[in-house]
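The region 'Disordered' annotation in Swiss-Prot covers 140-172. The feature compositional bias 'Polar residues' is assigned by Swiss-Prot to 147-162. Annotation source Swiss-Prot lists compositional bias 'Low complexity' at 163-172. Look at Swiss-Prot and you will find Ser183 tagged as phosphoserine. Look at Swiss-Prot and you will find 775-812 tagged as repeat 'HEAT 1'. Look at Swiss-Prot and you will find 814-851 tagged as repeat 'HEAT 2'. Look at Swiss-Prot and you will find 853-888 tagged as repeat 'HEAT 3'. Feature annotation from Swiss-Prot assigns repeat 'HEAT 4' to 890-927. Here Swiss-Prot flags 1101-1140 as repeat 'HEAT 5'. Annotation source Swiss-Prot lists repeat 'HEAT 6' at 1183-1220.
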Amino acid sequence: MLFEMTPETFKKVNSSNRIIKGLQYTPLASSIPLENGLQNVLYPSSKFQNEPLQLNSEESSIMQRYVDMLNPGATFVNDSETFNFYKNALSAMITEPAMPAMRVNASPVLDQKVCNSDSLSELNDFTKSLIQPSMLMCEPKEKPDASSINTNRSSSDNGFLTPSSSPRSPSCSRVFNAVQLCSPKKSKDDITTPKKRLMEDTYSPRESPSKIQRLQDVLLKQLQDTRLLISQVIEAENSEDFSSNSLFIKREDDDGKHISSHAIEKLYMALTKLSRLGACDKLLEEGSIILVKQILEKELKELPVACYSIINLHDSLTQFPNLDFILKTTALVLFIIFLVPSFKKLQNEESILHLLNILHSIFEYTVPEAIDNIVQSKTSDARTSEIQHLSVLLQKVANVLNILSKVAHEIPLSEAVVIRIVYLFPKVSTLDNSFKTKLPNCNSSSFDFLKAPLFQTLQYLFRLYPYQRDFIIEESLTNFSHLPTARSVSRTYRLSNGKSIQYYSTLFVRLIQSCSIQNLFDSEIVQSESKSTEALHSGNLTEHLKTVESILSKSRHEEYRIANHIVAYLLSRSLKQNKTESDNSFAILTKILLEDLLNMLSLPEWCGTETIIRQFAMNLVMTVTNDKQAVSSKNAALDLISLIVNKVLALFDLSLFEKHNIPAPTNFNDIISFIPSITRLNELSQVSFNHFYFLCKGDISLENILPYNYNKWFSFLLQLRKVCNDSEALKIIDNCIDKNMQKSQEGFQGPSPFKADENDEDIFIISLYHSSLFLNLKFFVSLIIGFLDSPQASLRTKCLRIINQMKTIPSILRTHPEVLAQIISKSNDQSAIVRDTVLDLLGTYIMAYRETIPQIYGCIISGISDPSTIVRKRAIKQLCEVYEATEDLNIRVDIASKLLTRSNDEEETISELSLEVLEKLWFSPASNELDCQKGYEQLTFLEKQKLRVQYFPILKLCAEPSTERHVLLVTSLKTMLTSKEEINLSTLHTQIRLLLSCLFNQLIEVVTEDQVDESTKGILYEIMSTLFVFSRAFPFLFDLSYLHLLKPYLRSASTIEEQRFLYYVVAIFRQVLPFQKEISESFLRSLESVLLQRLTKAGTATLMEIVPCLCSLFTRLNDYERLKKIVVSCLKSLEEARHSENNFQKMVRLIDLIGLFSRYGDLNRINDDWKHSLDFISPECDDAYVILLGYFQKLLKDAKGQLRIHIIDNMSRICLRETSLFISPLMLSTLDMIIAENNVNEVSVLFKSFLELLAADEDLIFEADQKLSLKGKQNVQSNKSVDRDMLKGTKDKQWIEGVSASLMQHFLPCILDSCFSKNLRYSMLGIEILKCIIHQGLVNPRMCFSTIIALESNAIKETREVAILLHTELHRRHESLIDGLYAQSADLIFSLQKTEEYQTFKLGEFSPFQSAYTIVSADKSSKSRKKLIMQILKPLKLDGIDLPSFTEEKVSFVSFCCVCLAGIPYVSIEEPLMIISTVDSVLATIGPTITGWMKKLDHERFKILAGINLCNLIYLKRYIKYAFSISDSSRPIREKKPLTLLNRGYVDLITSDAKPDIVSKLVIKLFEEENILSGEDQVEGEQLTVV
């Protein structure tokens, strides 16, 4: 089986009349004859254009026309003339088919009562002789479903039947049925009264005419009426006085007589009635009917061209010959040509050509004028009226085309007539396209009335005239390019499966089906049934079948030739059109056609579709395997192949074999595997053929369906016979062949074999499985997979996308691990689109086979760190699906960890997506499927376990002892909180509360365990770390009961693990306590006591949590005296320790305590005399913070090493509490001293305090922006997040006081210098401060811009990214301020990169201004780019005055600017031309002077340096010209597309240490080669261009 795929089983609608219904959906013109002007067109009773037509009451009344006209007449035939009439009429009725002009639902079947001997005894002798013996032995049959017969029946028999078959139209049955429609004769038992019974006995049977006799009278009367009408017309034509005759009229514009519209209608109706009774050539005189035809043709030839104008459509029919008269006359002439056989022999070419010229004139003048009238209509009512008139006109023209199609089917036509008919097709298509283009909103179904008969005519011509096939195909393809590309406008034809396609697509399939042989065995090959049977038993079947195979082969080759002609024409044009081109209509039309063909593939009525699709596939395969084809053509071809492959895979359904009891082949890629199932397939084929015959008989438009399917099946049998080597299997195949030959000779008769619960489409789909299209399916799939290793990234991407679209791709990858490994290897492809498609494909695979997650998961998770944004997005989405699908907790933890790292991605969309996915996986109610209204205690045991499994990854992430991880978690959780609206916020709060309840219940369970082992400690640590993280993010969701549970864990700690545990507990209390409004004083006192006990032995991190918590307790208990005692006690102890030795650790702890209590405690609220309390340190004022700051300054003078750093750190803490102290003289002098000493560690401490100060300002700005954005909204978000001011120990708005701006402006030089430090941590602190400065606008951006540009070329990636972001922000907000600073930036970069005296420069190296150029180019303004380049060109613009001042450093700087200019990837060619023009002007100015010095061998130092500079400028010019392919002639070409450097090699510039002799020779040589004209001799306006 193909890749062992699991095909999809389709639910199909069962219907026994799919073929006829499928061909009924497009509305056709009514074939009822014209009668009453505009009222003669019968509109379908359905209101919708794409529904099957139904007969209305008027049509039904016309069907009963002959029954209503029955009149009693003579009871027997006694004259020879009448006898000959009946003989001819009834003979024609038995052998000739019914005319299609009258639409009937079904052919009536003989009733058993009519066929008995009593009824037959009423016939006269000649009538009995005309009836076939088979009609006398008829048996009752089931009446077929009326809906299964096409409403557009035609007159031709099925060409697949031999002359010995049953009659093509049951005319005798119609005779008997017409008699039956009269009231039946009553028996004597049915007569109720004796008087009536007596009257019945007295009357003779001859006195009451029988039903047959009455019908014979009707036939005679119809013949007499027709002859009389024809004679009246001829006599009126020859008579001069016609005033009393209504058949001819006189026009106002001339004195001649003209046949009236009334006469034409009567002739049409009379001939129609008579044609249904028999052959008109035997019933009418040939000379009379020829005269009538000549009269009509004369009328048409005398009509002026003005008659074709649409304005005459509303005139009176009796006053002027209008379009209605023209169309009626044309239809009648064509009808006469169709009815009279003599015209068939004569091939009256002149008459038909004249009629065709009339149709051409209508399409050239009338219809375009009608469309223009609609377009020019000023009101909607007028437009509606015009559209209705156009619809009426087109339906009348369609009636003429219907008759023309019958003529084309029955009458041999000359080449000129065929060509003229074919030329009608482009005109109709042009008008249809014009209507849809000018009136896109109007219903264009009226033109479908024209297409239906026209397509049928082309189908007949295509079959009957093989030499004209190429001409018909060329015309069809030429008009294909003019079709509308909008699917909603073009797809107006609805198939039987309900899908809409464009009408044009059906034409190609009709033409292909017309190539098939109609009667394979109706020739000299098989003379009779006995001979074929004799050949089978005599062993001559092989030779006999060779001839049959040769005929079939020629037929199939013709089909393939025509199909290949169509496909080659379409693909040769469509594959050349690029999607980016403005006019890619042909490519779109080709794709629409292929989609339509694929929709028709499974429908039996369009059996020729498979041939065209096969040729499509083969041509596309040749395109993609041709190395000479362009990549764009291969991409387009792969797109089309994917459509074919996906459709074929969708149709592959193994359940059909089981449904119809067929042995399924073992290998669908080998035709031999179908041999075991050939018997059953042959039986179903015979059933299918009977079904086709039943549905298509009598309709010439469907005459190709049965022969095409039969020939295809017989060809398959012959192909099997050739490859079969088993004698037993060969006998089975020969038996099937013999049965098919016999069936063809006997004819396919009988009712439809399908019942309501069966599907006639199944057998046809099964027959497709052994077609070449399905047999090559594996090859198509293998071909697509082969492009995984294509060198073109676009082809690899296309291949992966096609594979991903295949519905059976998971099973293919499952059974072919080598293909899976090939796809996985593309996860490291250079193309981001390829990597993205690989992740999508692997995600589809592991979702289908979840057991493969551990093997494939690693490839997907690597994509989350991909440099491409689209790949990271795809990886995040795929990981979300894997997280939900897997039960492996370790994988879930890993996924959550990777998603968390992406929450601070540099791309904002990635960060938002990561947080969205994490929130969905952790806190979405749908993730745990629990009732959110329930509390944790109300959950069942299984629900609790499920909840713990869901929160397991959160615990594992929080348990990592990493500050960065905790900060990332808290930031992510806060972002989830602040990004929610009020409605969604409550849901998130509910989920968090459920998580906290779960954690604290686990905490209780762990504590109550008897033994505490290492695993229990680990669980306890995970729980506490998780509570710590959530206390920072959601402190307001903690209950007071949780604090009571946590208090026992405030125990002393001796080990590192215990210290960390204590740190978590204290931090939770610090965050949660401010949000507990109702809490007992006893609990607070107890908590205060415990924290004071842990204060002395707490670690540094724990101390920084305990002190803020204690300060919060002091404020809550109003216990400021305790705070004062602690501070005073620490100061006294510190004063004592400073005079002692070996007390470093004690002093550090005391200094930290003083600094922390000063920052988080409000010392100003202590009502006491600080000067008196701290008299031991001799304070100079009464302000506690100033006293402490002065004391620390004294300590700083004598401190060294780490103690000095601690003092500076705590001085900064005091200033952070009272920010105005930062700019106090005391603190500023201290800061200046620290900065002057330039100790990196000490300055880093200051920078950290600056960052904290700026972060507070940043938060205030953020809160102000949030309030501004939420202003005016109804659901204003409540700010229940952490109190940032409390955490920072201040509530003052320092940004109002200007402290931040003053500090940053004062220390800006130091901050900018720190950005270039080799100490990475120190430089990153400076860059972070610079980022805050720019964002808050604390200094003029011009002061920082040069530093930012220099940082863009930094070796550290993080530094470069920050610099690029800052430059982008400044360019967007302050472009006018920074435009003139690029030259200054170049000077700074040069000074930073200068490492040696004689530095070497190479053209083509990375330009420090490449990132700056990219940022400036983003706004697509050439003005900004030119300003940047002109700034860098400034140092190159030299004149004679500058030459004496040349130094080595200046030469190096100019060389550096040359490197900067050469390494930029310019967007426009104008920019390299600007550089060349500047260099030329400099060479023309100073070149002759310098060259003169070199020729004189003047080796003065500044002259040699000037020569070196001149050579470097020439090198730059040559490099630019070569890199961008620029010549010295013609005008410049302005290119809008980005240019690619053709030369990425390096060109060494001359350094300052070059020898004077070499420099002199080189200057002279280069300058003479440049041929620069100096001064006034320079040609003005000389420009360059791209080669």
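Even glycines carry a Cβ here, placed using N, Cα and C.
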Tertiary contacts of the repeat 'HEAT 2' (814-851) (same chain, 6+ residues out, Cβ under 8 Å):
3-4, 785, 788-789, 793-794, 796-797, 800-801, 803-804, 857, 859-860, 862-863, 866-868, 870-871, 874-875, 877-878, 881-882, 885-886
Report the DSSP secondary-structure composition of the repeat 'HEAT 6' (1183-1220) as helix, strand and coil residue counts.
34 helix, 0 strand, 4 coil
At a C-beta cut-off of under 8 Å, are there same-chain residues at least 6 beyond the repeat 'HEAT 3' (853-888) that contact it? List them, or none.
824, 827, 832-833, 835-836, 838-840, 842-843, 845-847, 894-896, 898-899, 901-902, 905, 907, 909-910, 913-914, 917, 920-921, 927
If I take every residue in the repeat 'HEAT 2' (814-851) and average their pLDDT values, what number comes out?
84
Reported in the order helix, strand, coil, what are the DSSP residue counts of the repeat 'HEAT 4' (890-927)?
34 helix, 0 strand, 4 coil
